[in-house]
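Colleague: So TrEMBL lists these for the protein:
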type   : residues : note
DOMAIN : 241-328  : domain 'Ig-like'
DOMAIN : 413-503  : domain 'Ig-like'
DOMAIN : 512-611  : domain 'Fibronectin type-III'
DOMAIN : 612-705  : domain 'Fibronectin type-III'
DOMAIN : 709-797  : domain 'Ig-like'
DOMAIN : 806-901  : domain 'Fibronectin type-III'
DOMAIN : 919-1003 : domain 'Ig-like'
């Protein structure tokens, strides 16, 4: 068992080095020995390629004396001058004992077992307590550890699910193999581990051991070992040593508002330390009252202004200890610096009371909300009310003292017109009753007088005034439009007076607008306008409602459900070609007017959309041919034709190219000067007028352009074109080339006979047509397209096939028992196609009725079985190709008699087949590009009998005993692996195969490039930069 993974509170491993004496000291401390600690212990020391070890036995006996710890420091001292191999291991000081102080026994804690059984909410607390820095990574690896491990046939004993070691310690991995001859490989995070001073391999029987010395946080990873196709994995966790509290917290007493600092010191600088208040963790948030300051090993909790609620127990916790202290915050004696003063204010004015005391404490005041800022306390009433008059008192928190004052409020008469509109305007609908109530205030109750002009309003009549203690009402029964105008109200009492003018406005619905005008008509829409009504009814026009109906109908349909503020509208979704009428309603705050007179009837009818896909179809020295597609939308008015217009570049004068409409989608503009540039547009025309023009995006140069010839040979003609005799051959081969491309054909190097084969050429393609194909039409057809001095060629293979002729000769080779052996020769005429098989038939000599015994038979000899003894048979054979069976069959000249007497069959004698073969490469090497620093492989395949010997060469030099190369050969597949090549590994690589019958070679070129990633990896080789990248090999 590797003790590095078991280090903890009861077992500690330490290492030190004295520079003057150049002695390494290794210590193992057993804090409190137990009976199960007895056994054999061994210490292993390695340096580069040097290795040494020492072992001893430990006995644990019961004793009443103080517990002794074992110091084996002297067993690991190395002396000498510091050279590589200087000094010897000295174990003379082994097992020296010394007394230590009695320590309280603490249970040994396995962090990983603790995490397995812990609640997920406690993971962070456990991670901090036991020094785990990568909690998220540890939980992922812990999840992999919980997976069920399948039973392995290669490993008799596998790795533990996890190992634990302190930083700087040593760990030991051990597996036991079922078969000690199996090749074993160790991996760390997928990278193979090589022997070194850090990694030491040891074999003991079936045991395979890996030692990792001087563990660092970089060794915290996933490890696995492979034996053949099986794998066994584990997780190694490296933890930092515990951090101790060297100087604890001290109890502190202070006053409210004072700055408080609680300090402690730990064993390491910049250590991770957590602060708690009554067991609740404190965060170093910028918005928090608590600030944590770190100065080397000293950690300080700062409270800028202590408060009463800061009384608590504060504690600090590290991974190796904790300390706590109590903080007490008391009150200071209170002094009144500024007392509250008595005030007298008018109703509605601001009440502002202010006092100042010596301490920064809050307080309370009767009936009002206080505002505190440091030692100053105030409250403000923005608008004083009658109820605000009285005595006020401020009482500081936690102090038995109060600061009183008195406030007196004066209330002059006032009209409250907040509920009225702008300019104190009140609107009433004509014919309705108005009861306007105006709230009033004042002490004593003021006298109210209503008047209109110079005439006072009494408390009787159609227009009258009514007065109450807190309000006054103006009443108008059945309001008339003449009642509009200003009314005056006046208040007066001993404290003052107040007056106001109130405007009464009598409103009604507006008059109807005039009949609307339709100014523009589209496909399913129109644009209508109208004038506002002459009389708005005393209220502004809020908007309009629009209605529409068909001329032959009496049903009006509302077009808008939200008011239209403008005097224009665009009705939509009308039926093209149907007559409509529209009308308008005016709306104000009172209601909707009567409808306007209907408009004149109109019919929606729209022009088409612009033509599409306008493009140049051809250009000569004096003309331009344009083509386009019809409009996407034509409509009910149809399409009468197109207008083509052009203008010369630099001018705005558009010239009509076709005085009469053209119904075609292609037009040639003639009579253009050579070398000029023109702009072209096309319009669609129908009964509604011309559509929007479609412009060609670029100016067109009036000059014939030479286009190189290019034959666009269809894909199916790039292979042999096969047809049967009598079928029609019709091949269309498009090509491009301008101007005046010349096409010529040849068959098998000779001109084509146009009496047998029809050729038709156009500007864009050529057609070869054979109405009834014959076998003589088979051959190689060469097509050539010429444009001035430019030529393009293409070749088409045409194969005309027919049914084959019958086999040449059919003979009976042997007759035995119920069997007949036939043989024949292939037909002289194969029908210009490969023979795909034969059909064999038999006939009894008596009846001469033919029966098929074999179909689609591929050989030229066959054995006919299960013939009837005593019968005499004739046989015939048909040949078959892709067109079918031959018209005739070849019959045997003689018959075969199946004799009743048994005959002794003489088996034919066959010579042994010679399977020997000289070497031959079935898959050659391929030129390869590799990236420096990443493994590259070269592969090829070879066959031969006897099995050839494989030799690899680089630049014609045999590769032998070079650890950078690994060679494999499996089932004829040969592989050369080049480990981490450099640019010097580039060159010509050859694979040579040799056996007794001869030899064969195949070679390729390997070029090693230093890519960006590879160059970065080389430059950062010694800076601990990890580059995670798969192997990159590029093959051409």
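We count from 1, first residue shown onward.
Just so you know, glycine gets a Cβ as well, placed from its N, Cα and C.
Describe each of these features in terms of where it is and what it packs against.
Modeller: In the domain 'Ig-like' (241-328), helix, strand and coil residues by DSSP number 3 helix, 48 strand, 37 coil.
DSSP states for the domain 'Fibronectin type-III' (512-611), grouped as helix (H, G, I), strand (E, B) and coil, give 0 helix, 35 strand, 65 coil.
Counting residue by residue with DSSP, the domain 'Fibronectin type-III' (612-705) contains 0 helix, 45 strand, 49 coil.
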Colleague: Tell me whether the domain 'Ig-like' (709-797) sits in contact with the domain 'Fibronectin type-III' (512-611), defined here as at least 3 Cβ pairs under 8 Å among residues 6 or more apart in sequence.
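Modeller: The answer is no, given that the two segments have fewer than 3 Cβ pairs within the 8 Å cut-off.
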Colleague: Taking only the residues in the domain 'Fibronectin type-III' (612-705), give me the average pLDDT of this model.
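Modeller: Across the domain 'Fibronectin type-III' (612-705), the average pLDDT comes out at 89.
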